[in-house]
Amino acid sequence: MKTASQTAPERTTESAPAVRRRTRVPGGPRALRTPGGLSLRLDLRALIVVVLLVVAALAASVVLIGTGDFPIPAGDVLKTLAGEGTVAQEFIVNDLRLPRVLVGLLVGAALGLGGAVFQAVSRNPLGSPDVLGLGQGATAGALVVIVLMSGSANQVAVGALVGGLVTGAAIYLLAWKRGVHGYRLVLVGIGVSAIATAVNGYLITKADLVDAARAVVWMTGSLDGRDWKQVWPLLWLCCLLVPLVLANARGLRMMEMGDDVSHALGVRVERVRLLLMVCAVLLTAAATAAAGPVAFVALTAPQLARRLTRSPGPNLVPALCMGAALLVTADWASQRLFGDGQLPVGVVTGVLGGVYLLWLLVTERRAGRI
Amino acid sequence: MLVDSVPEQRAETAPAPPTRRAIRSVGLLVSVAVLLLVAVASIAIGAKELSLAQVWHGLFEDTGTYGDVVVGERLSRTVLGLLVGAALGLSGAVLQALTRNPLADPGLLGINAGASAAVVTAITYFGVTSLSGYVWFAFFGAAAVGALVWFLGGSRGATPVRLALAGTAIAAALFGYVQAVMILDKAALAKMRFWTVGSLTSATDETIWQVLPFLVAGTLLAFVLARPLNAMAMGDDTAKALGAHLNRTRALSMLAATVLCGAATAACGPIVFVGLMVPHVVRSFTGPDLRWIMPYAAILSPVLLLGSDVIGRVVARPSEVQVGIITAIIGGPVFIFLVRRRRTAQL
């Protein structure tokens, strides 16, 4: 709790007098009241987690920029980013490595947020976009371009985007029956995912070996060779969609209590759900188009975030920061462990995801929660 | 059972409407008939067109002509399809009952991933190139991961959620490993891309004899487990009160599912959708009684598998599409249709 008062000193001292603070659960949510009668619910622990995650993501980014065939110390990286580096450093940092790191941050953030929304909408901790078939659908779009048209990287990205959006629309429409229900959404998603997987398998067996190798690297998810052309569209999309999703977070939180209760509380359930799903599909598809279907970030980031904040609800902002931190760290790990350009980041996130789930299993078991 | 048997006795004295049990028995016979038809089609239809007389010649008066060789190959392929299909359907039924999750399938417990990892290791590090050489690696991988999931899932205190989580976790880690090897080793990619879609083309008499003992043992074990698994569907406490051994049943179910699915995957590669879909569909008309689900699943799964195989041979003549792809492309829409049509049959 000491770090709490250090990071946000004014708020704690003003809003919660020392006497009252002692009566509360440490780190629990508290109300922030202004003289004008406005009040804001403030979850200190979540706030600290978000701040720490942002710091971790940025620190990992700086380290990642310094990593490669031409290593640059972290201090020089910061100096170069501020515009005071040598010409060679400027070129390496600004033209080569910064866009890659930015794509990593944005993709991670988009996947984390998209995953959190999907898990909340489907009310299932396994209901992430990868399980629902969005990743597979985007892959099918990309593979069509790679295998049948031998298209360029940009065309592959467009193919993935189209594939993801079509799959998202198909899942929503097929699951629609006087409203979309979480359970039906997951089941339909699994069906669609199986079909898309089969199409992908077929395309890979039909491809020649060079195309197949390219397809496998793409399917694993990679940040190699990403430049500013990938950054800008992703950045604009995130700037548009993230606020839109966060504005509807309140409705999403209530929807976790069930459709009837949230309807009674004044949430327009179907409208909010459709809006959020469209946003999540767009975020996931854009992220997949930029980096390929990076495994498990969308699945694990919301769960990790929820465990760190220890607060119920979708935890959208922590999930977003967690996704960004996770992806950049995984990219750094893949470069350090295997050498530059050897194995793409998706291998590391896949293994990390598995190890994380195992850790979860052991600790939760010890705590007797599952 | 009392409720079922009483109206049946009445049916003998008066022409009452047929009981549920009678309908199910007739349904089972019809399913067997359909299976026979599909098996005949699987022998008769293929990339090379044969007349029925030639098929007859190949089956019963084998003199080694070209047509006879084709029929012989199709025969072993059909037998393997029957065995593997039944094994996949049964293992799916057992796993769904064990985890009390209608979405459980061999992929969920990491069995496919274990087999894949073992095969990719065999290709890259042991230089195994023949399909009959993969079989033992795949089976060993599946069994090892099955055991690992069981212990990580808590062995004695295993719960459905823990088993599913452990399976997903191990599958994730192994999937990363398989991808990494495939990216680094082009030779492994060249072979793995055909193995991972699942196909019956590997069928030889040798493969069949290799997996047959495992499949028979697993099938027997699964049928023995139907009754205790039925009791466990009512919840742990009730099951205990009814005299079921929870841990023993769980361990044996895990064993049966691993053996069945491991052997099937070893022979044909990971065919994903059959074990998930067929028990799910069967449950919608038999209800939750595993003593009915299991026979139906064991008969209808080969129908799906062999039917898909026949379609795969016909659609892209003279080459063919692997059965794993066709099962998903046919099974996916059917599955979605069923999910939409009714309230999903719960366990």
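Keep in mind that glycine also has a Cβ here, set from the backbone N, Cα and C atoms.
Listed features, source TrEMBL:
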| type | residues | note |
| --- | --- | --- |
| TRANSMEM | B:26-47 | transmembrane segment |
| TRANSMEM | B:75-95 | transmembrane segment |
| TRANSMEM | B:107-128 | transmembrane segment |
| TRANSMEM | B:134-152 | transmembrane segment |
| TRANSMEM | B:164-184 | transmembrane segment |
| TRANSMEM | B:208-230 | transmembrane segment |
| TRANSMEM | B:251-273 | transmembrane segment |
| TRANSMEM | B:293-311 | transmembrane segment |
| TRANSMEM | B:323-340 | transmembrane segment |
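Within its own chain, the transmembrane segment (B:251-273) has Cβ neighbours under 8 Å at 80, 83-84, 87-88, 90-91, 94-95, 97-98, 105-107, 109, 111-112, 114-116, 134-139, 141-143, 146-147, 149-150, 155, 158, 163, 195-200, 202-203, 207-208, 210-211, 214-215, 217-219, 221-222, 225, 229, 305, 323-324, 327-328, 331-332, 335, counting only residues six or more beyond its boundaries. Taking Cβ pairs closer than 8 Å, the transmembrane segment (B:164-184) reaches residues 99, 101, 104, 107-114, 116-117, 120-121, 124, 145, 148-149, 152-153, 192-193 in its own chain, all 6 or more past its ends. When Cβ-Cβ distances under 8 Å to the transmembrane segment (B:75-95) are tallied for each of B:107-128, B:208-230, B:293-311, the top count falls to B:293-311. Long-range contacts of the transmembrane segment (B:293-311) within the same chain: residues 27-28, 31-32, 34-35, 38-39, 41-42, 45-46, 77-78, 81-86, 88-90, 92-93, 200, 219, 222-223, 226, 271, 274-275, 277-279, 281-283, 286, 323, 326-327, 330-331, each at least 6 residues beyond the stretch ends and with a Cβ under 8 Å from a Cβ of the stretch.
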